[in-house]
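Student: Have a look at this one before I ask anything.
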Amino acid sequence: MPTDVENWKSEVYGNEIREHLFRFAEEGFETIPDDERDAWFERFKWWGLYHQRNGQEGYFMMRIGTPNGVLEPGQLRVVGEIADEYARGPGTNPIFGDAYADYTTRQAIQLHWIELSDVPDIFEKMEKHGLTTQQACGDSWRNIVGNPVAGKDGQEVIDAWPVIRDLNETFKGDEDHSNLPRKWKVSVTGSADGSGQGDINDLAFEPAYKEIEGEDVVGFNVRVGGGLARNEPRFARDIDVWVSPDRVSDVAGGLSALFRDNGDREDRYNARIKFLVDEWGAEEVRETLQDEYVDFELHTAGRDVREEYTYNTGEGERNDLVGVHEQRDGKYFVGLNVLVGRMGADDVLELADLAEEYGSGEVRLSQRQNVIVTDVPESELDDFLEEDLLEHYSPEPSPFMRGSIACTGTEFCSLSIVETKNRQVRFARWLKENVDLPEDVEEFHIHLSGCTASCAQPQIADVSLRGMKTRKDGEAVEALDVGLGGGLGDEPQFARWVTQRVPVDEVPGALANLIDSFAEAREAGESFRAFVARHDDEELDEFVDPEETDYEDPMMHNTKMTWYPYAEDDSMDAKPPAPADD
Amino acid sequence: MTTRLRILDDGAWLSVDDSRRVSVSELWRLDAPGFCECDLADMVVENFLETGVDGRTVQVRVYGQCIVCGTKSTTGWIPVGRIVDGEFVDIDREGVLRVTDDKEEAKSSG
Ligand code: HEM
Ligand code: SF4
Ligand SMILES: [Zn+2]
């Protein structure tokens with residue numbers, strides 16, 4: 001039997017949701033019929049609006065899906081202005097204030113506290129400047145990810161940006177692909193660094209060479225069925241297909257149609273294509289694609305460049321794109337660290353100014369929740385690096401600041417178990433003050449996810465932290481499971497969960513002890529990932545060694561039972577009424 | 001009138017008549033011999049899987065973890081509320097909840 005969600009989707013879905021959304025915005029939130037709320041909130045996701053959690057009724061998270069994280073000149077300013085004007089609500093965040101934007105692990109932007117009545121104005125403003133929330137959530141093609149500096153990067157095998165733009169234009173709003181069984185996450189990477197993180201997407205195109213009529217041609221190998229969610233992480237599987245750039249759209253459309261027709265619509269937990277690949281195997285996926293979904297002969301896979309991958313691998317160069325890097329055209333791109341991806345609206349606006357003053361006005365977003373200012377001429381570089389804003393959003397951050405990623409958590413998210421972003425800021429600050437990594441270790445990735453959905457991509461970090469609970473002195477407190485040694489690269493590896501349910505106030509001490517053990521017991525020059533790989537789970541569990549320190553955690557209680565964890569009166573009874581029409 | 005029961009947002013919460021009633025992250029004391037070795041499981045609710053009514057009792061099956069012994073598993077049917085005069089009323093979930101292991105006993109309708 002199809003699920004309720006499938007029934008709602010078969011009634012109204014895709015582009016047509018917009019007119020209803022605008023009608024409700026006009027007539028007021030309370031005019032959504034009582035017995036249709038679940039259905040409409042599910043549908044609104046397709047237009048990038050996700051109802052915030054229990055206690056925050058009537059407020060929405062709005063996701064802006066930027067293809068490949070590219071914000072064209074002027075667009076970041078629009079984001080900043082919208083955040084400043086509309087992303088304010090009844091709760092104030094003690095670290096980030098009243099209005100802010102979140103850069104996400106899929107190169108998108110999230111705003112919070114959005115009211116339905118403001119949506120038409122916001123859409124009008126965004127669309128005037130080429131931005132959209134269309135398909136940013138919901139069961140369809142999400143924003144395509146990749147190496148954010150595609151087209152500019154010196155390390156590029158092939159320029160993926162035209163391919164991504166073409167896919168984005170083709171599959172945004174395409175009725176044939178707008179109602180899939182589940183989300184559809186695509187990555188297209190043209191650089192040899194692996195920064196598109198294809199392995200954790202539903203569909204990945206990765207640079208590869210193929211000999212065609214005696215010539216080496218550059219195109220893409222295809223992998224299918226990656227994803228991290230729900231204790232069922234998978235790396236995308238090699239389906240033995242190479243495709244030339246001009247055929248990417250045919251193959252991508254074929255696979256999306258294959259998913260549309262064969263994905264499980266009766267069980268949403270089993271719907272992602274990763275499960276279909278489990279069931280069928282890569283070979284059957286290839287055969288079905290060939291027989292039913294493309295009208296030309298597929299090539300077998302070409303020679304990839306996975307051995308050169310460095311991004312998020314836990315060793316070697318370029319684990320992220322932070323810092324000053326030369327572009328192909330001799331200008332520079334400068335990656336700035338945004339701790340946990342959150343930036344106050346004022347800072348967003350100031351960054352937009354700086355990007356215009358020193359670069360082309362363009363800004364790009366990475367999958368490590370950071371921003372990149374592109375097109376800075378060498379002559380402007382020193383002045384740019386002197387700007388005050390870069391003290392806070394540094395191109396040369398401490399490893400703990402640089403390596404931190406955190407998801408949304410109990411502040412806004414329904415699925416969450418624990419507080420995340422503010423906690424990760426507190427952790428990073430404490431670690432920076434109190435812990436030294438071995439001198440030759442410049443990067444150390446710590447990813448914190450509030451639940452198993454894994455939005456912060458915890459399984460591919462040096463240290464993975466995942467929301468749990470435990471009892472401490474009889475009291476229920478927020479806790480974290482600790483995983484170690486994950487990373488991407490030629491041979492990607494998910495973190496191994498070695499220590500369970502560490503009370504949150506003992507996590508910094510646990511990490512300090514872990515890093516001490518690593519510093520003591522590592523072989524010369526050994527990376528943390530390699531160190532983890534040669535120890536068994538029990539040994540690692542001992543290294544973790546939770547301990548109270550002078551770190552204090554103000555959010556030990558069940559932050560999910562509050563209407564907003566940082567409110568003075570945080571009890572559910574004190575929750576604000578749904579915003580009235582204004 | 002029938003009561004609309006649904007699990008939504010990837011198992012994040014139980015919806016009763018289009019409003020959110022029970023959310024993940026609650027900690028439940030379960031009398032559930034089939035779930036883990038503990039006399040009483042102390043379980044974090046991580047995902048709702050299924051909902052149904054048995055008489056007037058609203059029940060759910062969930063995925064969760066016992067924070068005493070570490071067992072991660074799927075539960076039988078757990079009562080979370082009652083339908084009284086057509087309205088959902090919470091069962092006190094701070095107390096011990098008795099789990100019905102036999103999945104046939106509860107009718108999965110709504
Ligand atoms: C209101 C807050 C959010 C909610 C309710 C939410 C919901 C979810 C859910 C339900 C999943 C599991 C999906 C699945 O099974 O496919 C998921 C996974 C994910 N989400 Fe979110 N999310 C939120 C915020 C975010 C943020 C801030 C990001 C950062 C871009 C993000 C990116 C991701 C990623 C990367 C995954 C992993 C999916 C995978 O690889 O399988 N989400 N999210
Ligand atoms: S990982 Fe869980 S808690 Fe964090 S944003 Fe995703 S769904 Fe929410
Ligand atoms: Zn137990």
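Even glycines carry a Cβ here, placed using N, Cα and C.
Caution: TrEMBL annotation is automatic and unverified by curators.
Pulled the feature table from TrEMBL, pasting it below:
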{"type": "DOMAIN", "residues": "A:52-89", "note": "domain 'Nitrite/Sulfite reductase ferredoxin-like'"}
{"type": "DOMAIN", "residues": "A:96-128", "note": "domain 'Nitrite/Sulfite reductase ferredoxin-like'"}
{"type": "DOMAIN", "residues": "A:137-293", "note": "domain 'Nitrite/sulphite reductase 4Fe-4S'"}
{"type": "DOMAIN", "residues": "A:325-387", "note": "domain 'Nitrite/Sulfite reductase ferredoxin-like'"}
{"type": "DOMAIN", "residues": "A:401-544", "note": "domain 'Nitrite/sulphite reductase 4Fe-4S'"}
Student: Which listed stretch (A:52-89, A:325-387, A:401-544) has the most C-beta pairs under 8 A with the domain 'Nitrite/Sulfite reductase ferredoxin-like' (A:96-128)?
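Tutor: Ranking A:52-89, A:325-387, A:401-544 by Cβ pairs under 8 Å to the domain 'Nitrite/Sulfite reductase ferredoxin-like' (A:96-128) puts A:52-89 first.
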Student: Please compute the mean pLDDT of the model over the domain 'Nitrite/sulphite reductase 4Fe-4S' (A:401-544).
Tutor: 97
Student: Sort out the residues at least 6 away from either end of the domain 'Nitrite/Sulfite reductase ferredoxin-like' (A:52-89), same chain, that have Cβ-Cβ distances under 8 Å to it, and list them.
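Tutor: Residues 29, 44, 98-101, 104, 107-116, 118-119, 121-122, 125-126, 129-137, 142-148, 150, 160-161, 164-165, 168, 188, 345-346, 348-349, 351-353, 355-356, 360-367, 408, 410, 412-414, 416, 560, 562-564, 572, 575-579 contact the domain 'Nitrite/Sulfite reductase ferredoxin-like' (A:52-89) from elsewhere in the chain.
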Student: Within the domain 'Nitrite/Sulfite reductase ferredoxin-like' (A:96-128), how many residues are helix, strand or coil going by DSSP?
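Tutor: Summed over the domain 'Nitrite/Sulfite reductase ferredoxin-like' (A:96-128), the classes give 13 helix, 12 strand, 8 coil.
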Student: What does DSSP give as the helix, strand and coil breakdown of the domain 'Nitrite/Sulfite reductase ferredoxin-like' (A:52-89)?
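Tutor: Split into helix, strand and coil, the domain 'Nitrite/Sulfite reductase ferredoxin-like' (A:52-89) gives 15 helix, 8 strand, 15 coil.
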